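**Student:** Annotations per Swiss-Prot:
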type	residues	note
ACT_SITE	Ser517	active site, proton acceptor
BINDING	Asp81, Asp123, Lys124, Glu491	Mg(2+) binding site
BINDING	Cys122, Cys195	[2Fe-2S] cluster binding site
MOD_RES	Lys124	N6-carboxylysine
Amino acid sequence: MPPYRSRTTTHGRNMAGARGLWRATGMKDEDFGKPIIAVVNSFTQFVPGHVHLKDLGQLVAREIESAGGVAKEFNTIAVDDGIAMGHDGMLYSLPSRELIADSVEYMVNAHCADAMVCISNCDKITPGMLMAALRLNIPVVFVSGGPMEAGKVVWEDSVKKLDLVDAMVAAADDHYTDEQVKAIERSACPTCGSCSGMFTANSMNCLTEALGLSLPGNGSTLATHADRKRLFVEAGHLIVDLARRYYEQDDESVLPRSIATFSAFENAMTLDIAMGGSTNTVLHLLAAAQEAEIDFTMADIDRLSRRVPVLCKVAPAVSSVHMEDVHHAGGIMGILGQLDNAGLLTTSIPTVHSETLAKALDHWDVTRTNSEMVHKFYSAAPGGVPTQVAFSQERRFDKVDTDREKGVIRSKEHAFSQDGGLAVLYGNLAEDGCIVKTAGVDDSILKFSGPARIFESQDSAVLGILNGKIKPGDIVLIRYEGPRGGPGMQEMLYPTSYLKSKGLGKACALITDGRFSGGSSGLSIGHVSPEAAEGGTIGLVREGDIIDIDIPNRKIHLAVDDATLAERRAEQDAAGWKPAEERKRKISTALKAYAAMATSAARGAVRKLPD
């Protein structure tokens with residue numbers, strides 16, 4: 001049996017000094033020999049998805065101690081992508097994922113912790129902690145802070161649901177008065193929690209359920225609802241049990257790499273495609289798979305995207321549907337249940353809470369179980385009161401939405417689309433692939449051709465859109481915004497939002513080697529690989545070149561002959577692969593270090609040390 005890692009610092013005469021320091025943290029004689037569980041929190045007052053986590057780490061810690069473990073809490077950083085959006089702050093968002101993963105590794109290995117409870121929530125925090133968990137491969141349970149309630153505003157004599165993106169779009173739309181913009185702004189983000197749509201944070205927290213590393217309801221139970229407290233309480237007890245099974249019973253089945261296998265990654269990506277999750281999840285799943293030493297690639301994502309239907313459409317794809325509605329329809333277990341019915345999942349694999357996913361679905365899928373407890377759990381409703389306090393309300397819907405024909409979650413037979421919610425496109429513009437969230441693309445523009453309007457940065461693209469330089473039929477092309485070229489692979493939420501503000505959301509396309517917020521919609525194609533800074537063809541496109549986009553056939557093509565491209569490449573090689581215009585962008589040493597090691601988006605934008 002493997003010895004408890006913590007014995008390195010708690011046992012033996014020579015560890016008297018270490019034990020003395022442990023005693024100074026509150027440990028007693030009887031605590032030495034118990035599993036030491038790291039409570040990996042991410043509380044910060046900068047981020048609404050994390051502002052309520054301050055006391056939740058200690059809630060988990062108390063449950064760990066009542067179950068016979070020793071809990072030690074620390075915090076990671078957390079960047080709010082919405083606040084960092086639209087300025088140089090966004091350069092730090094994706095690199096923060098690596099910093100979070102490293103900081104968890106540093107703390108857990110430096111202090112020889114035996115297991116972890118990861119309390120995450122927003123965009124890069126869940127992926128960073130997931131990467132660390134698979135890197136360390138010690139028992140872990142994920143429990144996130146939960147989704148925000150959707151904003152609501154009385155608009156033209158009816159109640160309209162809102163989120164962050166509505167505020168951004170309205171602010172740039174001259175049809176809205178200042179008073180209307182203020183009304184939307186004040187109502188868009190009413191509570192603590194991760195932004196209310198199927199954006200990156202909620203997408204990733206949902207995927208932890210499919211990976212088997214979190215409890216049912218983790219992705220969809222509102223941050224404000226009292227039911228969410230149970231997830232934190234159970235996580236504290238569960239992690240002690242998992243630690244004992246591994247260290248005292250030699251049960252390797254509880255380890256993250258035994259749970260998050262290749263099949264589990266397939267399940268997670270299948271879920272992502274079915275619910276139209278954020279394109280950022282592609283980056284994060286590819287990165288996490290590499291930490292787990294699993295050969296899960298863009299080719300696998302492409303394969304899955306061709307056979308998985310869209311079973312759930314959530315904001316930004318459908319503005320009236322938010323995470324609170326997904327939970328009301330049975331949450332992630334409800335979507336997984338329909339995917340299982342369609343034969344699209346591997347359910348023989350374990351989870352942290354169940355012997356197999358199949359057994360978990362039999363108990364937690366509201367269309368399969370008569371359990372009063374399960375139906376009550378998924379009836380949790382928004383409270384409708386602005387608050388930053390977790391578990392502060394207990395409102396419920398009268399009954400769960402089990403309509404799989406016209407409800408929020410559909411069966412395969414009644415799918416929103418038989419074609420998946422994410423697609424990988426290939427062609428001479430993206431030889432290693434690029435990603436589009438098809439769930440957010442209007443059917444009228446699934447095939448699109450138009451002239452490229454070239455911008456060497458997100459900033460110049462924003463100015464071009466707001467100044468009326470983009471016309472219907474144009475393709476906005478933003479380059480040198482990839483992992484190396486940015487550096488940091490900025491999100492392009494402002495350009496996509498401003499296209500919508502100008503009435504061009506269904507009349508234009510946007511292509512970039514950067515990435516998109518989970519809040520982006522429209523014909524937005526990102527992660528173009530190789531990126532311009534790596535010598536990708538996107539760096540050879542010139543103003544007015546025609547680009548053909550064919551989502552049904554998964555193709556993207558620059559209509560320029562090979563000989564001309566070869567001439568342009570020779571010219572660019574001589575000039576250097578850098579933006580044609582000077583960018584006023586301060587690149588710190590920290591960002592330069594990330595850029596020096598960053599790999600392509602097709603590899604998850606992870607770091608790679610020089611050979």
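Using the three backbone atoms N, Cα and C, a Cβ is placed for every residue, glycine included.
Bear in mind that the values here come from a model prediction, so they are computed numbers and not experimental data.
Neighbours and distances for these, please.
**Tutor:** Mapped onto three states, the DSSP output places Ser517 (active site, proton acceptor) in coil. In sequence order, Asp81, Gly82, Met85, Phe199, Thr200, Ser278, Asn280, Glu491, Met492, Leu493, Thr496 constitute the residues six or more apart from Ser517 (active site, proton acceptor) in its chain with CB-CB distances below 8 Å.
Neighbour count (other Cβ atoms within 10 Å of the Cβ, all protein chains): 32 for Glu491 (Mg(2+) binding site). DSSP gives Glu491 (Mg(2+) binding site) a strand state.
In sequence order, Val47, Gly49, His50, Ala78, Val79, Asp80, Asp81, Ser194, Ala201 are the residues near Cys122 ([2Fe-2S] cluster binding site), counting only same-chain partners six or more apart with C-beta under 8 A.
Around the Cβ of Lys124 (Mg(2+) binding site), a 10 Å sphere holds 30 further Cβ atoms from the protein chains shown.
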**Student:** Among all chains shown, work out which of the binding-site residues Asp81, Asp123 has the most CB atoms within 10 A of its CB.
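**Tutor:** Its Cβ has the most other Cβ atoms within 10 Å: Asp123.
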**Student:** Identify all same-chain residues not among Asp81, Asp123, Lys124, Glu491 whose C-beta atom falls within 8 angstroms of the centroid of the Mg(2+) site's C-beta atoms; report them in sequence order.
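**Tutor:** After dropping the recorded site residues, what remains is Val79, Ala84, Met90, Ser93, Leu94, Cys122, Thr200, Ala201, Asn280, Ser517.
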**Student:** If you draw a 10 Å sphere on the Cβ of Cys195 ([2Fe-2S] cluster binding site), how many other Cβ atoms land inside?
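**Tutor:** Cys195 ([2Fe-2S] cluster binding site): 31 neighbouring Cβ atoms within 10 Å.
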